Amino acid sequence: MVFHKEFQTAGKEPGLQVWRVEKMDLKPVLKQLHGNFFTGDCYVLLYTTAAPSYYIHMWLGSESSQDEKGAAAIFTTQLDDFLGGGPVQFREVQNNESLTFLGYFKSGIKYKQGGVASGFQHVVTNDMNVKRLLHIKGRRAIRATEVDMSWSSFNRGDCFIIDLGKDIFQWCGSECNSFERLKASQVAIDVRDNERNGRATLLMIEEGGEPQAVIDALGPKPNIPAGSADDESVDRSNQKKGVLYMISDAAGSMKASVVAQTSPFKQEMLSSSECYILDNGVDSKIFIWKGPSANTAERNAAMKAAEQFIKEKKYPKHTQVQVLPGGGETTLFKQFFCNWKDKDQTTGPGQAYSLGRIARVVQVPFDSSSLHTNKTMAAQHGMVDDGSGKVQVWRVEDGDQVPVDPSSYGQFYGGDCYLVLYSYRLGGREQHIIYTWQGLKCTQDELAASAFLTVRLDDSMGGSPVQVRVTQGQEPAHLMSLFKGKPMVIHLGGTSRKGGQSRVGSTRLFHIRQSSTRATRAVEVEPSAAFLNTNDVFVLKSSNTVFLWRGVGATEEELAAAQYVTSFLGGGSATEVSEGKEPAGFWSALGGKKEYQTSRSLQKMVKPPRLFGCSNKTGRLIAEEVPGDFNQSDLATDDVMLLDTWDQVRSWPDLNVELSSFLLAKDYVDSDPSGRRGIAITTIKQGMEPPTFTGWFQAWDPKLWETDPLERIRARF
């Protein structure tokens, strides 16, 4: 088999790689432009996990030609062959992408008009003469579509980004709610930081308050029409309808024979020497399962078989396709089986889980010997390298930048702002990133100074760095990996400036967790037993002793990070405590025993937790899953959110909808394709969340909603 030269780097390091099909050839897309797609083009994407396991996505633009689609299919098959036939393959169609795909781009995906045929290129630009209009849709999966630069594109129910090059305006319609504004702000910040290298001014404007620059760009403003209802939502009542077929002669005149007419199915129905179609066409999804010992011609023809099946069934062209090798089944596929067991379901501590919320493939036992070779890249946050470049850190103090002592690099205090300059070499050239880290307890003056000092530092370097603004608790994986094997340590409040330290409490608790990229972060939380979590490590310092508490599912790396935390807290050597064997002094230092997160289903990669936003405004249950790694800021306070941890479903409602939130959760369980029935449903009030809920979100902040999330993101403008 002849392989494309681009495949030489394919899958060599964890993270996301993106190629565009150009004149029947493959050309790589720059990392900071990942998430931008021309509607006239086709793309091939490869996501590699640390295991490694592989996900190949073929993305088809709505205006791409038949030739380009054919070339993308050929490159996808070749890449699958090159990686040994083990990857999971996805066929993605513009506006109907899979959750796995959307999870790579947490700040949304952007559809641009045009394509390679009309001369459009992917470039990072300091060009300040850009003029374009982006229409933002979606609450969970955010899509920004380039539309005509005209008032006729607007409606009152959505947010729009008016991009004028050096000024970027986020326009909010009078009917759009605060959560939609919040998500649109993430897109605007992403355009500024990645496409414009941090060199543009962001402004949020309301309908009716348009500045002159906007009127000059768009002309006199007419009456704007009302918004239309979101049409992206999914009706769960049909999702359980699956039919299982065995396919024969996929490489020739494919025949499909029914194995089971309706789900849930049993795993024994799949023979390792055959290929199968799981038809979930009512939900616009088709799965092809390739038995590990099926013949090669059939395995290679799997995507073609799926497309033929879609035609025969007269399903819409945008139907999603997943091609799964035996052993590489996704959560969406496994939910159609009532008794699915992965071969490694019972092994090992929770290391495997932390490797890939996006991955969700096979359990990987922890292997410390391969650590130094495992330079894991973060797909979502553009992990430019492994963090081994040069780091300089300054603290914002009295309106100026003061160097931080290198011995305390990696320690960040909630009462401070910091500038972190990272320099590395790429393709023989020196590159720079400025991270501006803003503590949640710093003053308004320091916030303003940090923004000004970032621009000053950028200007002093000739405007070449990329700027990234980071709010405490939202640190990207790359920033976490800059401290030479030490964890990033985040102190709840206080400051690191000389003589300025506020007195820290006599009892302090640090929560240590590893990210999916193997970087560790130690976050200080309130010293209460309710914050403990069976999957992680905690360091507790009281007035006279230091405890290192190890949860049952903790990893070796988390333990090593905890030992580093104990070294700078002082108080002598730490007493190591295993979960379940705590001495009385441990509980009394925490103010007594309390219920905490003890669920270990975090560790079963088989069924990772899933978060849904739900409504039944139309009289039927609409459940939309949050793509990728979820965090506390994905909880929309104006929706009912369902957290599904398989053995239990927790509904998190607005305070006045308890009854309907319980019924929504019950509807959700009753319509589950695996046939789950009668599992526990917990209804949770905002502000009264128990640890069995908060433990699924790292570094839960009980005060998050005391300030308006919109005000917090505005501070990043």
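First residue shown is number 1, and so on along the chain.
The backbone N, Cα and C atoms fix where each Cβ goes, and this holds for glycine too.
Keep in mind that TrEMBL annotations are predicted by a computer and have not been checked by a curator.
Feature annotation from TrEMBL assigns domain 'Gelsolin-like' to 30-102 (among others).
Positions annotated as domain 'Gelsolin-like' by TrEMBL: 142-213 (among others).
Marked as domain 'Gelsolin-like' by TrEMBL: 258-333 (among others).
Feature annotation from TrEMBL assigns domain 'Gelsolin-like' to 400-480 (among others).
Across the residues of the domain 'Gelsolin-like' (520-587), the predicted structure has a mean pLDDT of 91. The domain 'Gelsolin-like' annotation in TrEMBL covers 520-587 (among others).
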Dominant neighbour of the domain 'Gelsolin-like' (400-480) in 30-102, 142-213, 258-333, 520-587, by Cβ pairs under 8 Å:
142-213
Taking the domain 'Gelsolin-like' (258-333) as the reference, which of 30-102, 142-213, 520-587 gives the largest number of Cβ pairs under 8 angstroms?
30-102
